[in-house]
Amino acid sequence: MAFGHLVLIPRSTSSIATTAASCWKSKKFADNYYANSYGRRALWQSDRNLTKDHSIKTSLQHNISKLHYNPIERGSRCNKIEKTYLTNASSSAQSHESEPEVHESPKALESIKKGLVMFLQFCRLYAFLGMIPAGLSSSLLAVDNFSEISPLLFLKGVLQYIVTFFFTSQFVMGVNQLSDVEIDKINKPDLPLASGEYSFTSGVILVTSFLLAGFGVAWMLGSQPLIWSVVVTAALMGAYSVNFPLLRWKRSIILTSLSNAIAMLASFHIGPFLHMKTFVLKKAATLPRSMILGCVVIGLFYTIITLTKDLGDVEGDKAAGLKTLPIRLGVKPVFWLCVSLIQMAYGIAITMGALSPVLWSKIVTVVAHAFMVFYVWNHALNSVDLSSKDSLHSFHLFMFKLVTVEGILIQFVR
């Protein structure tokens, strides 16, 4: 039926020319419409579009040479050509527009991943995570009888302590990095401040935010033990790190050991114990025998942690003019001094265990600490390379494991 309107008498040359002119006007309209709507998006694909234009023009000329339809069919054919041209142009522009979004997505994910890694390196969470068991152990020592506290209430008290000292611990790590940027460029060049990934101003903002958050959480809770623990820890570690008159205590071996040991005991032992005892349980602050032993033994461990931290930092500390014990005496003598102090701490624990009036407590405390004496001695002889910074740093992290084990053992002291 479509061919029912065909005219048998051939058209004149002028009629064919009129048809061609009409189609070419439609083509020009399509070109203008495409240029106005998608010109900006398709400029970078001009070569490809020119090829398409040539193909379309060839197709139009081929169709014109075959036009023997009436005016109604002629208009219909030109409209179809216009719609096809515009549809192809639109789909081509949209496909090229989506390509940059696909390429930008992996870059955004990579940027987020890099930012997270830098933040974790700045926080150095290993120290905080290593101290959570110590705080949990001290909280357990505050409970005389588990029938007097529900698991939910105990968990709530522990979480209050963890959140508070998460921020406080990050303040301690951050203020030390701010004060030791030049030293860390030698000892720990991968840290964000030392590598230049974080500006000094960004570091100050982060450190200040951590301190305010830690103090703010303790203040909102209303726990006096947590408030004073945050104040003592921030004051001592600030004095240890910042380079102000009468401060920068890391220049002194004695002040370094005392400030670090007291700050860590306040943060991870005395603070959590008193928080659970007086704030959560609403009981008088009395120290059991196990808590006293824990403070003595683990206090010595914290002093040792301070010394082992400097074993792998001799090069940078020398450049900064610091006189740490490894610089004064040498790495090997200080390393074996640390091992001897560990053995002395275990000797104190064995003595107190042997004096316990409870038989099972006496046996467990003496046997367990005697085993730890041999274990640490064997580790020091066979697993530490004194010429390797990585090995010395590994021994420093090993001390946090000993703190965790001791936190478990003191639960058996009676």
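Glycine residues also receive a Cβ, built from the backbone N, Cα and C atoms like all the rest.
Features of the protein shown, as given by TrEMBL:
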type	residues	note
TRANSMEM	125-146	transmembrane segment
TRANSMEM	158-178	transmembrane segment
TRANSMEM	198-219	transmembrane segment
TRANSMEM	226-247	transmembrane segment
TRANSMEM	253-274	transmembrane segment
TRANSMEM	286-305	transmembrane segment
TRANSMEM	334-352	transmembrane segment
TRANSMEM	359-377	transmembrane segment
TRANSMEM	397-413	transmembrane segment
Stretch in 253-274, 286-305, 334-352, 359-377 most in contact with the transmembrane segment (226-247), if contact is a CB pair under 8 A: 253-274
Leading contact stretch, 125-146, 198-219, 253-274, 286-305, 334-352 vs the transmembrane segment (158-178) - CB distance under 8 Å: 198-219
The transmembrane segment (286-305) and the transmembrane segment (198-219) contact flag, 3+ Cβ pairs under 8 angstroms: no
